[in-house]
Amino acid sequence: MNPIRKIIHIDMDCFYAAIEMRDFPELANKPIAVGGDAKRRGVIATCNYAARQFGIRSAMPTAHALKLCRELILRPVRMDVYQKESQYIRSLLTEYTDLIEPLSLDEAYLDVTESTQCQGSATWIAEEIRARIYQARQLTASAGIAPNKSLAKIASDWHKPNGQMVIRPEDVSAFVLDLPVRKLFGVGPKMEEKLRALNIKTCADLQRYSIEYLLQKFGTMGQRLYELARGIDNRPVNPERIRKSISVEETYPKDLPNSEACLAVLPDLMARLEARIQRAGKISGIHNLFVKLKFNDFQQTTIERVMDKLDLIVLRQLIQEGFARRGMPVRLLGIGIKLKQENTYQSVQLPLLDL
């Protein structure tokens, strides 16, 4: 019988913005954001909690963020500094386990099931990691401790910033009952809307549906929903995980009727993709650009082109070519990059959003 797993999700609080406030103390308690220049149609990579009170969020166009908060202080992205801090944190984590799965520069999963540190207590390990990060770098982290990755990630967000939460194995069944379905991995606004149409608001509501029904209604996502609603997630912490692509997509409440409508939503997708690339930090270089279209008959097509950088003109061309394959209304549109699978890493030059 396999032992009950002890999974920790470490998530740095407003990582880029926190570094800026640490390095420039005069910014403390002021609304700040890290991101691109509004004059160059940049996007927000992250912001501090003071800025979030104004409704500012990651991937938001900088110009819009400045409209929400005229006092917003905009800081340029200092990726080399953020990467250095991330490397220190990663080296600290390796003192507790070799089973570390980084998700980005500012968050990672740890499997400490076999760790003997802190008397084998995952709770104490998380507390010690957070304390050591703050002592050495004056940066706060939040942590979630649970029997699996999904619950650990949910828990790390529960007492942000600078807090942690434990979900014990014996408490999982009770914990998930009142959990809003929007907290589940893979449930975005569109999926939440579909679930609400079925009067599904919590995991308890979701548990009333059979796996057969959920598979019929949502395809492979139905199986995921069935398991997550019961606190089940058997995914291992994968230290060998290699990011192969970065992408964003959107399912639209009303189908996009033609290629012009698809091109009209491209700026929003591009802004979100840029923010996701910035969050990923150094990547192995771009190999391909691609677009994905799912038509209103649920048929899907993907078209890609070899490119070593983001190119808005090429993405426009790919959307037009992809749409021409069927010429039908589009219900889902996605764009992304495929990465070079090499050991050398580089920063990506992001283009201007100029359509």
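Including glycine, each Cβ sits where the backbone N, Cα and C put it.
For reference, Swiss-Prot has these:
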DOMAIN    7-188  domain 'UmuC'
BINDING   D11, D106  Mg(2+) binding site
SITE      Y16  site 'Substrate discrimination'
ACT_SITE  E107  active site
Arithmetic mean of per-residue pLDDT over the domain 'UmuC' (7-188): 93
DSSP-derived class (H/G/I helix, E/B strand, else coil) of D106 (Mg(2+) binding site): coil
Three-state secondary structure, Y16 (site 'Substrate discrimination') (per DSSP): helix
Rounded Cα-Cα span from Y16 (site 'Substrate discrimination') to D106 (Mg(2+) binding site), Å: 9
All-chain count of other Cβ atoms within 10 Å of Y16 (site 'Substrate discrimination'): 27
Which listed residue (D11, D106, E107) has most other Cβ within 10 Å, given these are recorded positions: D106
Euclidean distance between Cα atoms of D11 (Mg(2+) binding site) and the residue listed as 'active site', Å: 4
